[in-house]
Every structure is written in structure tokens, then in C-alpha cells.
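Asks: Grabbed the feature section from TrEMBL, which reads as follows:
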TRANSMEM  74-95  transmembrane segment
TRANSMEM  107-129  transmembrane segment
TRANSMEM  135-156  transmembrane segment
TRANSMEM  168-188  transmembrane segment
TRANSMEM  208-231  transmembrane segment
TRANSMEM  256-277  transmembrane segment
TRANSMEM  297-316  transmembrane segment
TRANSMEM  328-347  transmembrane segment
Amino acid sequence: MILGDTLLRQPTRLLPLLAGVAAVSAVAAVLFGGVTLGLADVAAVFGDWVGLVESDPVDPAAQAVLEVIRVPRVLLACCVGATLGVGGAVMQALFRNPLADPSLIGVSAGAAAAVAVTIVLTEVAGTLLPLPRAWQMPVAAFLGGLVTTAAVYALAQGNGRTSVAGMLLAGIALNAVASAVVGLMSYLSDDQQLRQLSMWSMGSLGSAAPGTLTPALTLMLVSTLGGVLLWRPLNLMLLGEAEAFHLGVAVDRLKAVAVVLVAIGVGASVAAAGPVAFVGLVAPHLVRLLGGSDHRLVLPGAALLGSAMVCLADLVARTVVLPAEMPVGLVLAGVGGPFFVGLLIVARRRGDWA
């Protein structure tokens with residue numbers, strides 16, 4: 001891979017490249033959709049927002065599309081992609097396995113089950129979580145993801161070490177339990193709740209709206225920034241837990257902090273956009289292929305690439321079947337599934353199957 005070899009020799013080029021890809025993806029997602037906007041209209045609206053336009057009138061239609069639909073949706077897509085990318089990179093470093101992913105070990109499933117309960121059992125959720133409605137789903141998703149992650153980690157422990165095989169098997173089991181909870185909530189739901197559950201469970205950014213995203217975006221921002229700041233101990237964890245401990249890493253505390261941060265971010269993203277799969281697997285893996293395993297590059301690189309992936313997937317979802325709209329989760333699963341199969345084939349050929 002010529003590009004990968006070049007970036008491995010000069011990895012500092014990777015982040016500017018990924019930042020450019022993310023920026024172009026976000027701009028394309030803002031411009032194109034059911035209604036195509038011109039750069040001049042977008043610039044005029046943004047200029048009006050910051051007080052730079054005083055004479056030329058702003059197109060009210062373009063302003064409405066940007067304010068109500070495009071900007072909140074693209075902002076949510078960027079945050080979801082960045083959060084899942086960083087969460088996947090953290091989990092892969094923590095378990096020292098490139099196939100680890102929040103969705104594979106039950107984080108997303110636990111968060112999804114908690115959100116499904118919140119949607120259907122509204123009164124129960126209000127009693128257990130006496131919070132404003134906008135905060136109930138993100139907090140419930142965080143708690144669901146945290147519980148399943150802690151359970152997976154506990155079940156994977158043996159002889160003082162974490163078994164990757166045990167982690168994946170525990171994740172499969174808890175995914176099944178969480179799926180059963182979601183199925184039960186679907187069975188108990190009324191027509192309106194069932195529609196909401198169906199669209200949400202396939203992954204959708206359609207709920208993005210001004211004034212409703214602050215809780216989820218706040219939690220995702222905390223998770224993403226916190227994960228990026230863990231680059232130094234995660235680099236040492238690549239040497240092994242014993243070596244990292246002797247180099248001054250508080251391994252147990254690092255695991256606890258990392259698990260909580262991932263649960264916060266994945267829970268918030270699941271609450272806002274549904275279970276969006278494979279971003280946490282694909283983004284960090286591609287960054288490592290292009291720039292090496294240094295987490296000073298992997299973590300921010302996974303955030304940028306994850307943002308670009310979700311923005312482009314949402315753009316495809318909004319434009320490929322006009323005037324209808326596909327769930328963004330279906331687009332990402334259609335791309336991420338074959339990529340994951342490819343990873344398994346490569347791992348088997350290298351002898352890393354176990």
C-alpha cells in the first residue's frame with residue numbers, strides 16, 4: 001500500500017489529511033440532500049449567524065433548511081462518528097486486539113436495551129431517572145452500556161488476566177439478552193412507540209433538531225476528549241499489562257476510566273442516533289494501517305475518520321432513494337460488514353485467529 005507506507009514514514013501528515021477528509025465530508029453533507037444548496041447561500045447564512053452579512057438578504061428557504069435540518073444533522077453525525085471512532089480505538093488498545101469494538105462486546109446492545117425501555121416504559125423511566133426528558137435517554141443509555149461493559153469485563157477475567165475469547169463470548173451472550181429486551185419492548189409498545197423504535201434501531205440521524213441535542217452532544221464531547229487524553233497510558237498498554245504497570249500505569253484505574261468514558265460516549269450516541277455499527281471497528285483499524293499504532297495519532301485520527309464515515313453514510317442515506325431516506329445504520333453495516341469479514345480473513349492468514 002503506497003499511501004500507507006508513505007504515511008508510516010511520515011505519520012504527521014496523517015492528521016491533516018484526515019482533517020481535510022472530515023471537513024470535505026461535512027461540507028458535502030451540508031450542501032447536498034433532498035434540496036441542494038449553493039456555497040453562496042450557505043456562506044450567506046453562516047455570515048448572518050455570526051453578524052458578517054448586513055446588506056444582502058439571506059434566502060429564507062436556505063436558512064430554514066440549514067438551521068432546522070442540515071446543521072444539526074451534520075453536527076450530530078460528526079459527534080457520533082468521532083465518539084464511536086475514539087471509543088473503538090480505546091477498546092482495541094485496552095484489550096490489545098484490533099477486533100474489539102463497543103458493539104461486539106455489548107456496550108451498544110446494553111445502551112440500546114436501556115433506550116428501548118425508556119421509550120416504551122415512559123412512566124417507569126421517569127420514576128427511576130427523575131431528569132428532564134432530553135437527558136433521560138442519554139443517561140439511561142450510559143447506564144445500560146456501563147452495566148453490560150462491566151459484566152463483559154467481569155466474565156472475561158480469569159487467572160488475573162482478561163481473555164479476549166471470553167470477552168467476545170460474553171459479548172455475544174449479553175448482546176442476545178439485550179436483543180431480547182429490545183424485542184420485548186417492541187412487543188409491548190403501541191403503534192407510535194413501535195415506529196420510533198423501528199427507525200431508531202436501524203440507526204437514524206433524523207431526530208437531530210435544534211434545542212434537543214445538547215445533552216447527547218455534551219456527553220459525547222466529554223467521552224471523546226477524555227479518550228484522546230488517554231493516549232500515553234494506552235501506548236504503554238500495548239506492551240502488556242505487567243510492563244505498563246512497571247512503567248507507572250495504574251492499570252486497574254485506567255481500565256475503569258476507559259470503560260466509563262466509552263460507556264458515556266456510546267450510550268449518548270446510541271440514544272441520539274441508534275445503534276450505529278462498525279464505525280468503532282473500521283475507523284481506528286484504518287488509521288493504524290495508514291499511520292501506525294501510536295495513539296497520539298490513532299485516537300484523533302479515528303475521531304476524524306469516524307466523523308467522515310458517518311457524514312458520508314448519512315449523505316448516501318439521504319440521497320440514494322429520494323424522496324425517501326434510508327437509515328444510516330444500514331449504509332454503514334453494508335460497508336462495515338464486508339470489512340470486518342476481511343479483517344477476520346487477514347487475521348486467520350497471519351495466524352492471529354485466536
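From the backbone N, Cα and C atoms, a Cβ is placed for every residue, glycine too.
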Asks: Out of 74-95, 107-129, 135-156, 297-316, 328-347, which stretch has the largest tally of CB pairs under 8 angstroms to the transmembrane segment (256-277)?
Replies: 135-156
Asks: Are the transmembrane segment (74-95) and the transmembrane segment (297-316) close enough to be called in contact, which here means at least 3 C-beta pairs under 8 A that are separated by 6 or more residues?
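Replies: Yes, since the transmembrane segment (74-95) and the transmembrane segment (297-316) share at least 3 Cβ pairs closer than 8 Å, they count as touching.
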Asks: Counting only residues 6+ away from its ends, which parts of the chain sit with a Cβ under 8 Å from the transmembrane segment (328-347)?
Replies: 77, 98-99, 202-205, 273-279, 281-282, 285, 309-310, 313-314, 316-317, 353
Asks: Rank 107-129, 135-156, 208-231, 297-316 by Cβ pairs under 8 Å to the transmembrane segment (168-188) and hand me the top one.
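Replies: The stretch with the most contacts is 107-129.
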Asks: Can you name the far-off residues of the same chain, 6+ from the ends of the transmembrane segment (135-156), with a Cβ under 8 Å from a Cβ of it?
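Replies: Hits for the transmembrane segment (135-156): 102, 105-115, 117-119, 125-126, 129, 162-164, 166-167, 169-171, 173-174, 178, 215-216, 219, 255, 259-260, 262-264, 266-268, 270-272.
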Asks: Are there residues at least 6 beyond the ends of the transmembrane segment (107-129) whose Cβ is under 8 Å from a Cβ of it, and what are they?
Replies: 87, 135-137, 139-149, 174-175, 177-179, 181-182, 185-186, 188-189, 193, 196-197, 200-201, 262-263, 266-267, 270-271, 274-275, 277
